[in-house]
Amino acid sequence: MKYKRILLKLSGEALMGDNQYGIDASRLEQYVQDIKKVYDEGIELAIVIGGGNIFRGVQAESSGIDRVQGDYMGMLATVINAMALQSALEGAGLYTRLMSGIKIEEVCEPFIKRRAVRHLEKGRIVIFGAGIGNPYFTTDSTASLRAIEVEADVVLKGTRVDGVYTADPEKDPTATRYQDISFQEVYEKGLNVMDMTAFTLCQENNLPIIVFDMNKKGNLLEIAKGADVGTLIS
Ligand code: UDP
């Protein structure tokens, strides 16, 4: 296996499957099966999950809700997804811990770096809910920050597209995928990988990112083995 400790970022939106809102049971089950394959190889796995399938802070203002309040609502949305994922993983016999960026003691442990690392060492999948616990951030930034804190080897950003393209492949049919690309080139070309806070954190800490299609079964294991899947940014 190429990587010993992985931070996997899953978007909330991907969890919707073909629905317009919420959690799609078959998509969740596919994720569990893919995660299990990596777990069974003894790879340490931390997961950050988004909340876009339920609520995003930027939506708040158009509904007359204060932005900061909206961001906390978004963070709580990520906890709902994290709880669903935790339950599904445990249903498949995997050991997990859910750590939250804001205190919700009845359902999650608070995030404590040393404890998170210990869980990983003991073979527990650590799910980070509630983002970093601050408004005006995203779960991509959470993924970068937590990956640095727990010293993950790589951030795997699972999306609906199979990598970083020269242009948006859903709009431009001539767009081609980069196999690998440097942080600098991504920046100069203005390519969309993660928001700038998340991206800069990875760049400054020499933490590689792989953008890949999480909806294709088996991709996660292939990446863990070091196969040419998605786009490597380093
Ligand atoms: N959020 C936040 N601080 C964080 C992480 C998330 O305020 O550290 C809020 C923010 O409003 C965001 C929402 O939670 O819109 C859901 O997260 P995100 O949009 O990153 O989810 P994804 O796009 O991955 O589904």
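Cβ atoms here come from the backbone N, Cα and C positions, even for glycine.
What TrEMBL says about this one:
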DOMAIN    4-213  domain 'Aspartate/glutamate/uridylate kinase'
BINDING   Lys9, Leu10, Ser11, Gly12, Gly52, Arg56, Thr159, Tyr165, Asp168  ATP binding site
BINDING   Gly51, Asp71, Ile132, Gly133, Asn134, Pro135, Tyr136, Phe137, Thr138, Thr139  UMP binding site
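In this entry, UMP is bound by Gly51, Asp71, Ile132, Gly133, Asn134, Pro135, Tyr136, Phe137, Thr138, Thr139, whose most widely separated C-alpha atoms sit 14 angstrom apart. The most crowded of the binding-site residues listed here (Gly51, Gly52) is Gly51, judged by how many other CB atoms sit within 10 Å of its own CB. The ATP site in the record is lined by Lys9, Leu10, Ser11, Gly12, Gly52, Arg56, Thr159, Tyr165, Asp168, and its two most distant CA atoms lie 25 Å apart. Checking the binding-site residues Lys9, Thr159, Asp168 against ligand 1, not one has its Cβ under 6 Å from it. Counting every protein chain shown, the number of other Cβ atoms lying within 10 Å of the Cβ of Ser11 (ATP binding site) is 21. Cα separation, Asp168 (ATP binding site) to Asn134 (UMP binding site), rounded: 30 Å. Considering only the binding-site residues Gly51, Asn134, Tyr136, Thr159 (ATP binding site) has Gly51 as its nearest partner by CA-CA distance.
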